[in-house]
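Reading through the structure tokens given below for one structure.
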Amino acid sequence: MSSGLSLERACAVALGIVASASLVAAGPCDIYSSGGTPCVAAHSTTRALYSAYTGALYQVKRGSDGSTTDIAPLSAGGVADAATQDSFCANTTCLITIIYDQSGRGNHLTQAPPGGFNGPESNGYDNLASAVGAPVTLNGKKAYGVFMSPGTGYRNNAASGTATGDEAEGMYAVLDGTHYNSACCFDYGNAEVSNTDTGNGHMEAIYYGDNTVWGSGAGSGPWIMADLENGLFSGLSSKNNAGDPSISYRFVTAVVKGEANQWSIRGANAASGSLSTYYSGARPSASGYNPMSKEGAIILGIGGDNSNGAQGTFYEGVMTSGYPSDATENSVQADIVAAKYAIASLTSGPALTVGSSISLQVTTAGYTTRYLAHDGSTVNTQVVSSSSTTALKQQASWTVRTGLANSACFSFESVDTPGSYIRHYNFALLLNANDGTKQFYEDATFCPQAGLNGQGNSIRSWSYPTRYFRHYENVLYVASNGGVQTFDATTSFNDDVSWVVSTGFA
């Protein structure tokens with residue numbers, strides 16, 4: 001017993017040394033290693049997760065010419081070099097194509113392939129995330145997270161060193177606590193290698209959202225739960241654990257870990273405070289979860305069978321070998337808090353003023369007499385001038401409102417149909433009455449940025465940041481720069497998505 005206590009004391013001292021060091025002196029994976037449960041996968045687009053790491057964090061691909069570049073930390077153990085991305089992606093769009101594994105095992109995450117469910121891209125692949133949808137700062141330095149709309153997913157089916165069978169593992173992720181939905185399943189962690197549902201207990205991943213089809217926690221969600229396949233679990237029961245609280249933090253630390261007939265859910269505000277344990281105990285009482293049958297693939301943003309209806313934002317996360325101690329995880333949480341995650345501006349370009357009336361002029365050559373307008377519920381472009389009828393002027397005028405889903409962006413209310421807003425539905429822009437739902441708020445929230453063609457603004461969907469207001473055959477869509485839809489055509493994209501904002505006609 002005395003030797004065990006000595007070992008425990010030694011580990012505690014080692015952890016104390018690591019935790020008390022500066023951000024660069026000890027990253028999360030240094031702390032896990034000191035605790036005897038090293039990272040076998042370490043993913044982040046915002047910072048290095050090892051104090052000595054200087055390699056690539058992620059790769060972006062730009063729409064203008066299809067070229068790629070890697071984004072590394074500013075210094076060893078530091079924050080991502082967002083300026084390199086901003087320069088590389090200037091006047092075009094960029095997607096995150098690879099999230100590199102910092103552990104040295106090569107467990108990189110790339111575009112998820114089809115499985116039990118197809119993704120929306122060509123050949124059933126999932127979408128890639130926009131490189132600009134989730135700007136943040138860490139200790140005042142700008143970085144970008146991974147904003148994942150429904151249909152977006154990353155995967156590695158040939159991971160090295162991850163837990164299989166009933167082997168022990170831990171994992172954490174830092175997420176946006178305000179970006180979620182009830183669809184299946186916004187996950188990060190261990191999944192099937194086949195992209196299909198191979199049975200109970202074949203997954204062990206962090207889930208975040210307010211899905212109630214399987215398990216749930218206290219209140220109405222969202223919750224941190226574990227996706228163990230054929231069930232989102234909040235505790236021992238396959239249904240409800242009142243000890244698993246609804247989350248309201250902007251930045252969330254989510255923790256799941258599991259070993260033989262033992263697992264745990266923990267969580268915290270990633271910007272302050274310490275971890276709380278929401279469940280720690282035996283495996284779920286339903287059949288198939290003791291022992292577990294983990295397969296060792298890694299997923300992000302999707303379910304194990306490529307269920308891809310969920311949404312969320314990922315900043316950083318790791319998977320470990322072995323079952324981390326609470327003390328180790330507490331030190332990791334302290335490091336996350338020390339990183340000082342904070343929100344950053346979602347907009348750029350000519351400023352919009354809430355309460356003002358605006359009109360939006362097309363900048364595409366040959367169409368510059370046209371303005372964004374509506375005809376009933378259809379949003380389109382029409383030729384408008386000072387001599388147009390009052391009715392047409394009103395149809396082409398929009399009141400700027402604070403973003404219904406995110407106050408850092410904007411919503412656009414019709415001048416001639418008060419209470420109705422521009423929203424996207426199946427990627428067409430429509431004018432619909434505000435029904436007060438979370439879905440409508442998200443569909444009707446847009447973030448202006450400096451115009452991609454150098455004129456005015458390009459207006460990006462908050463909920464689908466790869467997509468922008470675009471006129472195509474005089475009808476409005478939220479379009480991506482290349483894609484499976486006809487209105488995603490790359491030809492004249494930058495011009496078609498750039499709009500000059502003027503004082504409203506009405």
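Using N, Cα and C of the backbone, Cβ positions are placed for all residues, glycine too.
Owing to the predicted nature of the structure, the values given are computational and were not obtained by experimental measurement.
Within Asp326, Asp335, Asp495, Asp496, the residue that Swiss-Prot lists together with Asp227, Asn230, Gly304, His424, Asn426, Phe427, Asp443, His471, Glu473, Leu476 for binding substrate is Asp496. Glu229 (active site, nucleophile) and Asn91 (N-linked glycosylation site) have their C-alpha atoms 42 Å apart, to the nearest angstrom.
Note on Glu229 (active site, nucleophile): other Cβ atoms within 10 Å of its Cβ, all shown chains, come to 26. A C-beta separation below 8 Å, combined with a sequence spacing of at least six in one chain, links Asn91 (N-linked glycosylation site) to Ser64, Leu452, Asn453, Gly454, Asn494.
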